[in-house]
Structures are given as C-alpha cells and as structure tokens.
Amino acid sequence: MKMFSMLALFVIAADQFTKKLAVFFLRDMQQSITIIPDFFSFTYAENRGVAFGMEFAPPFVLLMLTGAIVLGVLVFVARSRNRTPIFLSAFGLIAGGGIGNMIDRIASGRVTDFIYFDLYKGELFGHWVSLWPIFNVADSAITIGACMLVLFYNRIFPDTEETRHAG
C-alpha cells in the first residue's frame with residue numbers, strides 16, 4: 001500500500017506544481033513555449049469538460065463523477081489482496097491523476113492543461129480539426145495507468161483456479 005500511496009502523492013504533487021508553473025509562465029505571461037517546432041509545445045488551456053475537452057455534464061456533476069471514480073479506486077485497492085508492484089503502480093497513477101484534476105475542479109471549476117503535441121492540424125472530411133488535445137501531468141498518469149491495466153491485465157488480475165470455478 002505504501003507504493004500506491006507514494007506514487008499517487010508524487011503524481012498529485014508533480015501535477016499541481018507543473019500546473020502552477022503553467023499558470024505563471026503561460027497564462028500570466030501570455031505565451032506559448034515551443035519545444036520542438038510544429039510538434040511539441042507548452043500551451044495554456046483551461047478545460048471545463050473531461051478528456052478531449054468534451055463537456056457532457058455540468059461542472060458539479062463532473063466533480064462528483066471524478067470523486068466517485070477516485071473513491072472506487074481507493075476502496076478497490078484497499079480491499080484487494082493484490083500487492084504486486086504493477087497493480088499498485090497502475091492504480092496509484094490513476095488515483096493520483098484523478099485527485100490532481102479533482103483539485104483543479106474544486107479550486108476553479110476547470111482543469112489546467114498545458115502539454116501540446118501538434119500531431120495534425122488541417123482539414124478532415126471538410127472540417128478543420130486539431131487531432132490532439134492539450135493535456136496535463138494528471139491526464140498522462142491516468143492514461144499510463146489505464147494502459148498498464150490493459151497491457152498487463154493477466155499479470156495484474158491473474159486467473160487463479162478459484163476464479164475459474166467460481167462462475
């Protein structure tokens with residue numbers, strides 16, 4: 001459990017620290033910082049929705065949904081007997097990222113985003129599109145944790161003799 005807690009706290013701290021830097025250097029100084037021209041930059045954005053800026057519910061509902069998911073992850077990890085590093089890492093990343101974004105929603109009603117990969121900007125099926133959203137450290141942690149759950153599913157949730165005969 002210590003690994004889970006430490007990783008979640010690290011993600012929260014890194015997320016909040018980098019968002020403070022983004023507010024100061026990108027929003028307050030009104031600039032975008034190009035790292036790799038036409039590919040990677042730090043660009044300030046505020047997101048009232050969820051992934052990819054989708055706004056499917058009022059801010060209060062999104063806050064409650066985020067809280068319920070984080071609480072669900074915390075309860076699941078606490079009740080599970082699985083203490084493997086990969087299990088704790090995946091769920092620690094997801095919980096830390098969820099809490100990091102939840103802090104923003106509580107403080108300002110929106111999430112600060114600033115990491116931007118310009119993979120494609122142009123016309124697609126007659127509409128102007130930008131194919132990659134601006135995101136943050138918390139979003140990255142959630143995505144990495146979710147990918148770990150998919151990629152290492154059999155190691156995280158081993159198929160034991162008991163579970164095979166339980167159904």
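Backbone N, Cα and C define each Cβ position, glycine as well.
Here Swiss-Prot flags 56-76, 84-104, 132-152 as transmembrane segment. Taken from Swiss-Prot, the feature active site covers D113, D139, and the record attributes it to sequence analysis.
Each residue contributes its Cα atom, and for D139 (active site) and D113 (active site) those atoms are 9 Å apart. For the transmembrane segment (56-76), the residues of the chain that approach it from at least six positions outside its boundaries are 48-50, 91, 94-95, 98-99, 101-102, 105-106, 109-110, judged by C-beta separation under 8 angstroms. Packing around D113 (active site) is summarised by its Cβ count: 23 other Cβ atoms lie within 10 angstroms of its Cβ, all protein chains included. The number of other Cβ atoms within 10 Å of the Cβ belonging to D139 (active site), over all protein chains shown, comes to 22.
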